[in-house]
Structure formats: C-alpha cells, structure tokens
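Peer 1: Got a structure for you, written out below as structure tokens; questions coming shortly.
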C-alpha cells in the first residue's frame with residue numbers, strides 16, 4: 001500500500017470542511033486536501049477524508065465504525081465502516097481504492113497506477129483488495145473469514161473467505177487468479193503470464209498459473225502469493241512499506257550465481273583459479289560480536305524481527321505491535337501485528353496463537369526461542385558442555401502405540417494415521433482436514449494414511465527386508481546375485497529420471513590458459529627414449545610390404561610455420577617411430593590401423609597431419625556455414641582421454657583459425673551445445689554425447705573428411721562401443737568410407753578386433769605395427785607380489801612406506817614426492833583405500849565412474865599438480881592418460897585381460913622415462929601364462945614361481961628362446 005495513507009491528517013490548503021460539516025448524531029468529520037477533501041461522520045462515528053494533487057478522498061462512517069479514505073495524484077480513495085467495522089480506501093496515480101467494513105469486519109482497498117482495489121469485510125471477516133498498473137484486485141471476507149485479492153499489470157485477482165475460511169487471489173500480466181476458502185478451509189489462486197490459476201477448497205485448495213511465478217510463495221523469490229521477484233503481492237516487500245511485509249516475502253532480486261571468491265560467472269569458488277580471499281570473521285547473530293555463535297552468546301537474547309518472513313514490518317499492512325484491527329498503528333491494535341497475535345492477519349508471526357490467519361500448529365507462535373542447556377535448563381552453554389551430572393532421559397516410546405521397547409516400524413499394533421505431519425498442523429497447514437495442506441483430507445502436502453510398512457525386498461507386509469524369506473534382490477545395475485550395484489563389475493547403466501533421461505549434467509569446465517596447456521603435458525624425453533627406435537616396424541597393405549619415406553624430424557613434415565612453432569613450444573624435438581610413418585601416410589590419404597607401445601606419441605601422430613592438411617587447404621568450419629560441420633571426428637572411450645586430446649589439439653592449433661571442441665557426457669548439455677554451435681573443424685568426444693548431438697542435428701556430418709578411433713580396440717570390441725560406432729558411421733549424412741579417411745590407433749589390437757575393424761576401412765588400408773602387436777612398454781620395470789586378498793592392504797601400505805601398526809609415514813617418504821596410480825576393480829574399494837591412506841596422512845584421491853564429472857576433473861587436476869600424489873582409479877583411467885611424472889603403477893586388483901594390463905602399466909614410462917609397475921597376484925591368476933609372454937617380450941625377468949604356475953615351458957609355447965634373462969641382465973637393462 002502507498003505511504004500516502006499518512007496524509008490523512010494533512011492540513012487543508014484550499015477547501016476544508018471540519019467540525020462535522022455533514023455530521024449527524026454527534027459524530028465528527030474531518031477533511032483535508034490540496035484541492036478538495038471530504039469527510040463525514042454519522043451516529044457518533046468518525047470519518048476521515050484526504051485528497052492531494054487533484055485527487056478525491058471520501059470518508060464516511062455509521063454506527064461507530066471508523067472509515068478512512070485517501071486519494072493522491074488524481075486517484076480516488078473510498079473508505080466506509082459500519083456497525084463497528086473499519087474501512088480503508090486508498091487511490092494513487094489515477095487508481096481507485098475501495099474499502100468497506102461492516103458488522104465488526106475490516107475492509108482494505110488500494111488502487112495504484114490506474115488499477116482498482118476492492119476490499120470488503122463483513123461479520124467480523126477481513127477483506128483485502130489491491131490493484132496496480134491497471135489491474136483489479138478484489139478481496140472479500142465474511143463471517144470471520146479472510147479474503148485477499150491482488151491484480152497487477154492488467155490482471156485480475158479475486159479472493160474470498162467465508163465462515164472462517166481464507167481465500168487468496170492473484171492475477172498478473174493480464175492473467176486471472178481466483179481463490180476461495182469456505183468452512184474453515186483455505187483456497188489459493190495464482191496466475192502469471194496470461195494463464196489462469198484457480199484454487200478452491202471446502203477443506204483445502206491450492207492453485208497456481210503458468211510458470212508457477214505466482215500463487216503461494218509466488219514469483220522468483222517473492223512473498224506469499226506474491227508477484228515476480230517478491231513484488232506486488234500478498235506477502236511481498238521487505239521489513240517496511242509492504243503489504244504483509246516481512247523477511248520471507250522480501251525481494252531478494254535476481255539470484256547471484258557468480259563465484260563467491262572472485263565474483264565472476266562460470267565456476268564455483270572451490271574451482272576458482274584466483275587466490276583465495278580472506279573472508280571476514282563471522283559474528284554472533286545476537287550481539288554482532290565475533291568469537292562465538294548466537295547460541296553461546298552471553299548477552300540477553302534479542303527478539304528476531306520478521307523471522308520466517310511473516311511477522312511485522314513497520315508500515316503497510318502487517319505493521320505495528322499488539323493485536324486487533326488498527327491500521328499501521330505501532331502501538332496497539334496493529335493490523336497483522338507481531339505480539340499477542342489476537343485477531344490479526346499473521347499475528348504472532350505468520351499464524352498466531354488464536355484467531356489469526358494460519359493460527360495453530362504449523363504457523364504457531366513459538367514465542368521466544370529457548371536456547372538453554374537441555375540437561376540443566378540454564379543458559380550460556382549446551383548440554384554436551386554442561387557441568388551438571390547428566391540426567392536420565394525418559395525411555396523412548398513407539399511413535400505409533402506410545403509403548404516402550406520397540407520402534408514404530410516394528411510395532412505390532414495397527415498403523416495409526418499420522419496427523420498434520422511435516423510441520424503443518426492446525427491453521428496454516430492445520431489439523432486433520434483444515435488449513436493449508438494439513439492432515440488426512442485433501443490439500444497441499446496432505447498426509448493420507450500410510451498403511452502398514454512393506455518389505456523393501458518382496459514388497460510384502462508384516463516383516464522387514466532383513467527378515468524376508470524371499471531370495472534377496474539382485475544387483476540394481478545388472479540384476480545378478482552376489483554383489484551390490486556399487487560393486488558391480490559390469491558397465492554402469494544410465495538411471496532414468498521422470499522423463500526417461502538420466503540426471504542432468506551441470507558441469508561447466510574452466511579452461512586453462514594456453515601457457516598452462518603447453519606446460520601441463522610437456523614430458524621431457526627420458527634416458528630410455530632411444531629404446532623406441534630399437535623396435536621392429538612392420539608396414540603392410542593387403543598383407544604385402546609397403547615402402548614409405550619417413551619423416552625423421554618435424555621440420556621434414558608438411559606442417560605450416562605456425563604449427564611447427566607450436567610443436568617446438570610443446571616440447572617435441574624428435575619424431576617417434578609411429579610419428580615418422582603416420583605423418584606422411586595420413587598426408588597421402590591412406591586409411592590406417594596403427595599399433596604402437598604406450599607412451600610413444602600416438603596422439604600427435606594423427607592430430608598433426610590432419611590439422612596440417614585442413615589448415616593448408618583452408619578447409620575450416622566457419623560461421624558462414626550456419627552450424628557445426630566438422631571436418632574431423634575423433635572418438636575416444638573415456639571423458640578424461642577426450643579432454644586430454646582436446647588440450648593437445650589446442651596446443652597445435654594455437655594462433656591458427658582452426659577450432660577444436662570437446663564433446664562428452666558430464667558436461668552441461670546446454671553449454672556443450674552452445675560451444676559446438678559456434679563452429680568446430682575438429683570434434684573430439686565420447687560416443688554417447690556425439691551420437692546424441694548427431695541425432696538432434698547439432699553436429700552435421702556431411703563434410704566429415706577424417707574419422708578417427710583412438711584406443712580403437714576398446715571402441716570396436718563387442719563388449720565396448722561397437723554398436724554405437726556402427727550407428728554413427730551409418731548415418732545418412734556421414735560420407736561413405738570410400739569418401740573419407742578412417743584412422744585407428746591403439747597399443748593393442750587382438751585378432752578379433754582387427755577383423756571387425758576392416759568393415760570401417762577402405763580396401764588397401766595400411767596396417768602399421770611398431771614392435772610386436774600387444775607388446776608392453778620396455779621402459780616399465782614390471783614387478784609382481786604374490787599375495788592373497790587378505791594381504792593386499794598391508795602390502796600396499798608397505799610399498800607406500802606407511803607403518804602398518806601406527807598408520808604413520810615418515811615426513812621425507814617418497815610417497816609425498818612421487819606420483820603413484822593404484823588400480824582397483826571396484827569403485828567401493830577405491831573409496832575405501834583412499835580413506836585408509838588419508839587416515840595415514842597420505843594425500844590420496846579417487847577417480848571412477850560413480851563420481852561427478854566435476855569431481856573427476858578436479859581429481860586429475862590435483863594429481864597432475866602433485867597436491868594429491870596418490871591416485872586410486874578404476875578402468876576409467878587405464879587407457880590413454882598422459883600424466884607427467886607418474887613413477888609407479890600398482891595393480892591392487894589385476895584386470896580381466898592382458899590388454900588392459902598393458903594399458904595400465906603404460907601410464908608410467910612415458911617418452912623414454914623409466915617407470916615401475918607392481919602387481920598383486922595370486923598363483924591361480926588366469927593371466928599367468930600371458931604375463932610370462934609379456935615379460936619375455938620386454939626382456940624382463942620372469943619370477944620362478946610364475947614359470948612353474950604357467951606350465952614351465954613358456955618359451956616354446958610362444959616361440960621364444962627357452963632362456964630367461966638373469967637378474968644381472970635385468971639390472972643392465974635399467
């Protein structure tokens with residue numbers, strides 16, 4: 001309501017009539033106005049009328065009822081009170097306000113900016129009407145009921161309350177809201193954006209219009225039934241000048257989602273790249289002094305004003321102290337006042353002790369909060385700090401039958417209905433069948449009888465799942481018995497939500513600047529780098545040898561000057577064997593299936609020639625094409641590998657016109673889509689997200705020239721992504737294999753995968769093998785610890801230098817300075833080991849499929865920068881990751897096949913740097929014979945116990961010489 005209500009007592013300047021100009025029966029009339037004011041009082045009543053700036057104010061009263069009328073800026077205010085009732089009318093800026101109160105009721109009417117507000121109260125009821133910006137608000141209260149009506153921006157709001165009921169109506173932006181409450185019930189109606197919201201109930205009703213921007217608690221943050229952002233509605237406003245104002249209805253404005261540390265958008269404070277700012281010390285809420293919380297405050301407890309958003313204010317409806325029906329009084333009889341709360345809207349807070357809107361349980365006036373000690377009832381400390389002897393507490397009883405000795409879920413008695421649960425009893429949310437959402441009968445948040453508890457396993461009654469006679473339910477993920485879903489060895493299935501989709505991804509990554517990107521993955525060549533050049537190279541086409549002119553240096557490759565500078569800046573000095581052959585072969589247009597050891601530079605082997613050709617031919621995706629038409633699609637098996645290849649591509653494309661974009665699950669879909677819609681010449685991503693964007697038309701494959709599968713054996717394997725790969729290559733818009741160049745790279749290529757891969761390659765493709773296919777990196781020293789499951793934990797602690805008895809570590813232990821990756825098979829084990837290591841003061845972190853993408857990215861970041869030197873990982877980290885300075889890989893659990901073993905140990909020993917791999921293994925491991933072959937291929941020592949367990953004559957079985965390197969020979973290799 002307008003502050004102009006205070007003008008009722010203004011002195012007359014032009015025309016004034018006083019001393020009962022038209023008074024009857026000993027009444028008095030007052031009138032004031034800049035242009036004209038009228039007031040009349042009859043039968044001992046009092047009438048007030050006020051008008052300013054050409055407005056008209058009319059006040060009249062009969063039978064001892066007060067009436068107030070106020071008009072400002074061309075508005076008209078009418079107020080009428082009869083039979084002890086009170087009427088308030090206010091009109092501002094050409095609006096019209098009508099207020100009428102009869103038979104002890106109260107009526108409020110307010111009109112602003114050309115709107116019309118009607119308020120009527122009869123027989124002790126209260127009616128509120130508010131109209132703003134051409135809207136119409138009608139409020140009517142009869143027989144002790146309360147009606148609220150609000151209309152804004154051309155909308156219409158109707159509120160009606162009868163027989164002790166409450167009705168709320170709100171209409172915004174041309175919409176209409178209706179609310180009615182009868183027989184002690186409550187009706188809420190809200191509407192926004194031209195929709196219609198209807199709420200009515202004999203017991204309870206709740207209605208909301210479009211977008212849920214109005215109605216109960218309407219708007220973005222607004223008050224009870226308020227408008228957008230808390231404005232212009234019942235309950236809107238702040239601590240003053242608000243209709244029903246108070247904390248909860250306060251307009252908080254648009255929510256700020258910026259970083260708390262640097263105030264920039266796009267990330268949270270724990271991801272902020274800026275230095276952490278010191279926060280101001282927190283102070284006591286009661287005395288505003290630092291050093292303690294309000295519950296421990298030695299000062300006298302101060303009353304909290306406007307708590308829960310539904311108490312006083314200082315002016316406007318809802319102001320004052322005391323109870324009753326006075327307007328804005330501040331002394332006693334304040335309408336909707338804070339204290340006592342009798343007969344006022346929101347009295348005693350929102351919902352007073354009696355006769356107030358929402359009175360009773362849910363909105364009950366709790367009075368001053370008791371912060372005394374629970375044990376001795378004295379202030380100044382909590383019960384756990386109490387110096388008095390602990391008092392015995394009464395035994396807990398069953399919630400259902402009130403008898404001790406058992407919980408309600410085990411109660412043998414018939415289940416009783418729980419009345420008024422969730423804090424809404426009697427009044428606002430009240431009782432069994434009255435109030436907002438109360439009890440058993442209809443309403444918002446109603447509590448229907450729950451019925452008997454059912455077994456979680458079989459859904460039967462009479463027992464709990466722990467006592468169920470039926471077989472236990474299988475794994476939630478795969479349906480098999482014997483394990484839970486968090487320990488499931490099978491690939492995780494997406495969990496569908498209400499719309500048939502998984503949970504929405506919200507992660508938006510913060511990209512590193514280019515200098516950080518260049519330094520992040522810069523791994524210097526190690527002392528064993530030349531071992532790569534000792535490997536035998538086989539290059540064939542249709543099983544026939546092929547001659548190739550190799551590129552011994554990057555300067556010999558067909559790279560532009562800008563890319564050559566970027567390659568040098570990235571720390572590349574000499575081409576590896578895989579790069580020497582693929583750089584010219586890809587430039588010549590061949591399809592390739594390439595196999596080389598881990599850590600030998602395969603990513604650069606396909607990225608450099610593809611990017612150089614596209615830049616040289618100026619074949620780039622530009623904004624003029626009207627969408628994302630990538631020239632190259634790179635598919636990877638994991639999000640982490642996608643991100644790594646993306647950053648590698650950023651280095652090579654630096655200061656060129658080429659754009660490379662990552663696409664993978666876990667990123668916010670809207671953000672990811674917005675990035676690629678800007679255009680991307682190269683898309684690198686995981687299969688699922690790329691398939692999704694292709695199907696919806698965001699990624700258009702018509703101009704795709706290069707199709708790359710990294711870790712191709714995993715991508716094509718029948719247990720991997722083979723079906724989805726087939727779907728992508730068979731899209732109608734995807735060029736046929738004869739019209740595109742297909743490239744496949746991996747460190748392992750089983751025969752079965754090679755056969756399946758041929759379906760995607762042109763006739764005459766090149767098969768390139770550096771060393772033996774499936775050979776381990778010779779720069780990695782492979783060690784084995786024979787132990788059973790119960791010995792693994794202690795063995796791990798011993799290797800990491802942790803005292804098994806005291807769980808302590810020497811400060812100068814290598815575990816703090818060297819990076820270690822521990823591979824496990826189950827997510828639960830990863831979390832368990834991380835907890836154990838952390839308790840021993842060893843900084844450890846986990847990465848597995850159950851972690852959110854934000855957590856996975858943060859884990860890799862902390863491992864890369866050394867703040868967490870131990871990474872415990874599942875299979876998501878076993879392929880492709882190129883992390884600088886990994887000294888040791890530990891296979892806590894052995895993988896299922898030899899190829900995964902080779903990939904795991906390949907996380908160390910990169911680019912000729914010496915690495916170490918330790919595997920915990922038992923004598924019945926099914927990989928023993930293959931491990932013997934891998935060790936022999938790498939010229940490493942085979943433990944005697946492994947020779948015997950694998951059958952002894954391993955050399956003849958795999959075509960190797962029967963002699964095994966001696967310990968001395970092995971030392972010479974290192």
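Cβ atoms here come from the backbone N, Cα and C positions, even for glycine.
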Peer 1: Which of these ranges is annotated zinc finger in Swiss-Prot: 192-209, 282-299, 498-515?
Peer 2: 282-299
Peer 1: Counting Cβ pairs closer than 8 Å, which of 257-274, 282-299, 371-388, 396-413 has the most of them with the zinc finger (453-470)?
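Peer 2: Result: 396-413.
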Peer 1: Under DSSP, is residue 603 (ATP binding site) part of a helix or a strand, or is it coil?
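Peer 2: The residue in question, residue 603 (ATP binding site), is helix (DSSP, three-state).
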Peer 1: Under a three-state reduction of DSSP output, how is residue 596 (ATP binding site) classified: helix, strand, or coil?
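Peer 2: For residue 596 (ATP binding site) - judged by DSSP and reduced to three states - the answer is coil.
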Peer 1: Would you list, in sequence order, the residues of this chain other than 596, 597, 598, 599, 600, 601, 602, 603 that have their CB within 8 A of the centroid of the site's CB atoms, where the site is the one recorded for ATP?
Peer 2: 576, 578, 605, 747
Peer 1: Just name the winner among 598, 600, 603 (the binding-site residues) by count of other CB atoms within 10 A of its CB.
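Peer 2: Ranked by Cβ atoms within 10 Å, first place goes to 598.
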Peer 1: Give me the DSSP three-state residue breakdown of the compositional bias 'Polar residues' (370-381), ordered helix, strand, coil.
Peer 2: 0 helix, 0 strand, 12 coil
Peer 1: Within its own chain, what residues at least 6 apart in sequence put their Cβ under 8 Å from the Cβ of residue 601 (ATP binding site), listed in sequence order?
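Peer 2: Within the chain, residue 601 (ATP binding site) has Cβ neighbours under 8 Å at 572, 575, 576, 578, 579, 911.
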Peer 1: Show which residues of the chain containing residue 596 (ATP binding site), separated from it by at least 6 in sequence, have their CB under 8 Å from its CB.
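Peer 2: The answer is 576, 577, 578, 602, 605, 745, 747, 768, 769, 770, 771.
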